[in-house]
Amino acid sequence: MHPEIYSVASINIDEVYSVPHIARAGETLSSTERQQNAGGKGANASIAAARSGATVHVVGKVGEDGRWLCDLLQSTGAHTEHIAVDASQMTGRAIIQVDAQGENSIVLFPGANQRISGEEVGKALGAARAGDWLMLTNETSAVAEAMEVGRRRGLRVLWNPAPMQENAGELAKLADVLVVNQTELQGLAGYLGIESADDATMAGHVMQELTLHVLAVTLGSAGCLGLVRRPTTNAHEICTEDAGNTRQAGGDAKHKDDVAVIHMECAPVGKEHVRDTTGAGDTWVGYFAAELARAQGDSPESIGALAELTPMMVEHAMRLATYAAGLAVTRMGAVPSIPERRHVDRFLRQKQLFELSEQADD
């Protein structure tokens with residue numbers, strides 16, 4: 001049985017406006033299109049994990065105006081029994097501008113996301129088994145409480161500390177797997193007093209200081225970087241090339257001390273196909289978490305043992321997540337853009353985009 005994922009998730013109503021460029025200070029712009037979608041970093045990642053095939057339990061809170069979001073999450077395969085409806089609060093909102101190049105600017109109103117209590121989180125996680133996964137972002141309340149409960153119950157904690165807050169450095173010590181972008185990596189490095197012009201070196205120091213098992217850094221158009229603490233057993237599963245050689249599988253995996261470093265290029269999506277980058281990072285996180293859980297569940301020795309996550313497993317999860325995010329940027333909206341697993345698998349096989357009209361027929 002594969003481990004299940006418990007996602008303490010921000011759940012928002014996204015209002016997306018298509019604009020010729022991101023509005024500047026004092027500027028009024030006319031939008032050419034408006035969409036209202038489900039959103040929130042946690043909800044997006046939860047849906048991505050569910051569409052990848054994982055069993056996902058969403059823990060969160062919405063207002064009366066957000067009941068439809070629970071129905072939508074359920075329709076994607078996610079479990080919603082731990083989402084509370086608080087009539088005294090509004091559901092979180094995001095006002096999103098998307099320009100002609102697909103870049104975005106986002107203003108958040110947290111709403112009910114900041115009314116999740118530690119008691120509610122503890123009750124929800126009481127149903128989890130040792131070896132299940134806890135996935136969190138930084139958009140809700142009770143993040144620290146959730147991580148502490150998760151560690152006590154033997155869950156594998158995957159944290160995406162976005163948006164960054166002052167206590168991120170301390171909370172990161174409670175994570176087993178950390179997913180950050182370049183800005184967040186630099187913020188953690190600054191907190192830890194680490195200086196380096198090189199992302200890989202900086203990430204290596206951050207990983208060692210925080211005693212993480214896996215650190216993944218998304219690099220935008222430059223792809224992503226993965227650092228994996230090598231297992232003390234099952235060493236034969238690690239790549240067989242000499243240290244420092246490029247692996248044939250498509251990533252660049254090098255071993256430094258007891259850490260394997262993997263660099264992955266972006267999926268083959270040309271700039272002309274990019275419509276909206278909103279939610280692409282969340283899609284990456286959800287697919288990455290789902291594939292790590294699947295990889296460990298497929299290993300009979302993996303129960304409760306994070307040390308069994310090998311560089312090969314992490315590299316595969318990174319590749320799947322990268323291609324899922326690549327598909328996501330070709331569509332408008334956060335949740336509407338999150339691809340089904342069969343479409344990601346097809347993209348991986350073909351190594352080239354296919355028409356949206358073809359996706360429904362695959």
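The backbone N, Cα and C atoms fix where each Cβ goes, and this holds for glycine too.
Just so it is clear, the model here is predicted, and its values are computed rather than measured.
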Given that TrEMBL annotates N12, I13, D14, G40, K41, G42, A43, N44 as binding substrate, state which candidate in D276, D282 belongs to that site as well. D282
Candidate binding-site residues N12, K41, N181, G223, pick with smallest Cα gap to T278 (K(+) binding site): K41
For G333 (K(+) binding site) and D14 (substrate binding site), the CA-to-CA distance in whole Å is 8
For the binding-site residues K41, R331, the largest set of other C-beta atoms within 10 Å encircles the C-beta of K41
Check the binding-site residues G223, G333 for other C-beta atoms within 10 angstroms of each C-beta and report the one with the most. G333
The predicted model's mean pLDDT over the domain 'Carbohydrate kinase PfkB' (5-229) is 95
Inter-residue C-alpha distance, A43 (substrate binding site) and N181 (ATP binding site) (nearest angstrom): 19
Spatially, which candidate from the binding-site residues L219, S221, G223 is nearest to D276 (K(+) binding site), comparing Cα atoms? S221
